[in-house]
Amino acid sequence: MPPKGWRKDAQGNYPTTSYIKEQENITIQDLLFPKSTIVNLAREVPQQSGKKLLINKDASLALQRGATVFVNHLLLFAREIAKSQDKKSCSVDDVLSALDHIGHSALKGPVRDKLDEYQAAVEQRKKEKLDSGEVDADGDIDMGEDKENVPVEKVKEHDEIEEQGDALQDVEESSEKKQKTESQDVETRVQNLEQT
């Protein structure tokens with residue numbers, strides 16, 4: 001029996017999950033980028049007067065909606081380009097080609113520059129992590145996702161302790177085997193003496 005509140009359709013069947021998902025209307029409100037992010041990006045635009053940019057509520061809403069529509073429109077064409085090349089995901093080249101396709105080829109330069117800046121910043125963070133000697137417990141470079149950072153020296157020390165522990169365990173096992181064989185030898189000698 002379906003959950004309470006579900007109604008039968010015209011054929012008398014209860015709706016399936018895919019049917020329900022098709023009935024949901026997705027509005028632009030569901031897709032909007034965070035307002036604070038959009039406003040901060042708008043404030044980063046250099047101004048000739050040097051004064052701080054004030055953006056009122058209506059302007060920030062217009063920027064938020066406009067940015068969302070533009071990015072979704074661009075992604076639609078980037079996906080089509082990727083699909084025409086039998087790719088499952090969009091790459092940077094697909095997005096740049098989509099900019100040409102929608103008539104915004106003048107944006108290719110700034111987009112490429114920002115991408116290069118971002119990639120350089122990521123590489124710089126990786127180098128800083130390597131230079132600081134902080135690695136995850138599993139030996140990978142920490143990119144800020146895990147809270148447990150362990151210095152490289154501690155990881156090496158931990159590995160050495162594990163190796164020493166393994167060696168000690170091997171020695172203990174071999175000494176136990178020796179004792180067993182010696183006790184078996186003594187028992188066989190005693191039995192031989194008793195028989196004679």
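Placement of Cβ uses the backbone N, Cα and C atoms for every residue, glycine included.
Keep in mind the model is a prediction, meaning the values are calculated, not measured.
Of S84, S174, S183, the one with phosphoserine in Swiss-Prot is S183, while the others lack that note in the record, though it may still apply to them. The C-beta environment of S183 (phosphoserine), restricted to residues of the same chain at least 6 apart in sequence and closer than 8 Å, is empty.
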